[in-house]
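What Swiss-Prot annotates here:
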type: ACT_SITE; residues: 63; note: active site
type: ACT_SITE; residues: 105; note: active site
type: BINDING; residues: 43, 45, 47, 64; note: Ca(2+) binding site
type: DISULFID; residues: 42-131; note: disulfide bond
type: DISULFID; residues: 44-60; note: disulfide bond
type: DISULFID; residues: 59-111; note: disulfide bond
type: DISULFID; residues: 65-138; note: disulfide bond
type: DISULFID; residues: 66-104; note: disulfide bond
type: DISULFID; residues: 73-97; note: disulfide bond
type: DISULFID; residues: 91-102; note: disulfide bond
type: SIGNAL; residues: 1-16; note: signal peptide
C-alpha cells in the first residue's frame, strides 16, 4: 500500500506521457496502469533488470526498449496526440517524438490487454533482488 501511495504522489506532478500512458492502458486494456502495472515483475515501474518474469513483465521490458529507442526526447514527460477511429487508437500530431512515444505506449497497452491471463499476483510488488539473469538485448 505504501508503494501505491508513493507512486500516486509522484504522478500528481507529472504531465505528459506517463499520464497519457495510464489513459491508454485504461482505454485499451480496461485496467488502471497505476494499480496493475506500476510495481509488477522486474520491468513494470521505474527501472528494470534481470529476466522478465512472465508475458506481462515482458510487455514492460519491450516498452522500456521502445522508450530507449526514442530519439531526441524524454519519453516520460513529452505530451502526444492521439485519436480514436473505429475503436482503434491512432497516434499522430506534429511532434515526431510524441508520435514515437504514443506508439510505444499503445503497443504496451495492447500487450497488457493480450496478456491479461499471464498476470500473476506473485509478481505484484516483486522485490528487485529476485530479478536475476541477463535479459536479451532490446
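Heads up, the Cβ atoms here are built off N, Cα and C, so glycines get one too.
What Swiss-Prot annotates, mapped onto the structure for a quick look.
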| residue | record | Cβ contacts under 8 Å, 6 or more apart |
| --- | --- | --- |
| 43 | Ca(2+) binding site | 52, 57, 58, 60, 61, 63, 64 |
| 44 | disulfide bond | 37, 38, 56, 57, 59, 60 |
| 65 | disulfide bond | 138 |
| 73 | disulfide bond | 97, 98, 100, 101 |
| 105 | active site | 17, 20, 21, 24, 25, 63, 80 |
| 131 | disulfide bond | 41, 42, 48, 49, 50, 51, 53 |
Roughly how many angstrom lie between the C-alpha atoms of residue 91 (disulfide bond) and residue 104 (disulfide bond)?
10
Between the disulfide-bonded residues 102, 138, where is the Cβ count within 10 Å the lowest?
138
Can you figure out which of 45, 47, 66, 111 (the recorded positions) comes closest in space to residue 102 (disulfide bond), comparing Cα atoms?
66
I need the CA-to-CA distance for residue 47 (Ca(2+) binding site) versus residue 66 (disulfide bond), whole Å please.
13
For residue 111 (disulfide bond), nearby residues of its own chain (Cβ under 8 Å, 6 or more apart in sequence):
58, 59, 62, 63
